[in-house]
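Novice: Sharing a structure with you now.
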Amino acid sequence: MSRLRIFADTNPATPEFDSRDGDAIASELKKIGVTFERWHASAPVEPGATPEQVMDAYRADIDRISAERGFKTVDVVSIAPDNPKREEMRAKFLDEHFHKEDEVRFFVAGSGLFTLHVDAKVYEIECVKDDLIAVPDSTLHWFDMGPEPHFVAIRFFTEPDGWVGHFTGTEIAKQFPRYAPEKPHKAS
């Protein structure tokens, strides 16, 4: 389930806001210029679906947001827990950075944690299946896919080189907990 927690950037122990309500999450994020939406597929997306099948299932929303924001390229990324490069991939964006274009992701499956650093606040957004997040360009943030990453996401780009991470060199990301998604409970 999606979740937003907001902290003072000097107090990673106690959230000032904590919600799993999609409308409340969207409302809070809108205050800092971040878009949060819930999408639903027009057709079932089965495990092992091709990128084209994934994009076809969300075509209306993809076309809408691409037209609204001027995206030129859309792709699908899929990361599984058994990926031999999972640690390297996770480490790539764990430190605070920004991009020179909006970072827009839609989670078709799985989850990940976007953490934004805006105006002395830290916004932890756990994105799960059916969540779209659009982080404005130059917003300081980091992303954690967890120790056993599992997600399929649609990514949107305006320029191929715009999505390069520009790292700040600060240690703030290390002050906040790493992402550890809840595992489903097994019946006893």
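Cβ coordinates come from backbone N, Cα and C, glycine included.
Just lifted these from Swiss-Prot, have a look:
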BINDING   H97, H99, E103, H141  Fe(2+) binding site
BINDING   H97, H99, E103, H141  Ni(2+) binding site
SITE      E96  site 'May play a role in metal incorporation in vivo'
SITE      D102  site 'May play a role in transmitting local conformational changes'
SITE      R105  site 'Important to generate the dianion'
Novice: Within 8 Å of the centroid of the Cβ atoms of H97, H99, E103, H141, which other residues of that chain place their own Cβ, given that this set defines the recorded Ni(2+) site?
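Specialist: Neighbours found: F93, F98, V135, T139, L140, W142, F143, G165.
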Novice: Taking the Cβ of H97 (Fe(2+) binding site) as the centre, how many other Cβ atoms fall within a 10 Å radius?
Specialist: 20
Novice: What is the total of other Cβ atoms whose distance to the Cβ of E96 (site 'May play a role in metal incorporation in vivo') is within 10 Å?
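Specialist: Taking all protein chains shown, E96 (site 'May play a role in metal incorporation in vivo') has 20 Cβ neighbours within 10 Å.
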Novice: Translate the DSSP assignment of R105 (site 'Important to generate the dianion') into the three-state scheme.
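Specialist: The three-state answer is strand.
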Novice: Given the recorded sites E96, D102, R105, which lie close to H141 (Fe(2+) binding site), meaning Cα to Cα within 10 A?
Specialist: E96
Novice: Would you kindly give the Cα-Cα distance separating R105 (site 'Important to generate the dianion') and H97 (Fe(2+) binding site), rounded to the nearest Å?
Specialist: 16
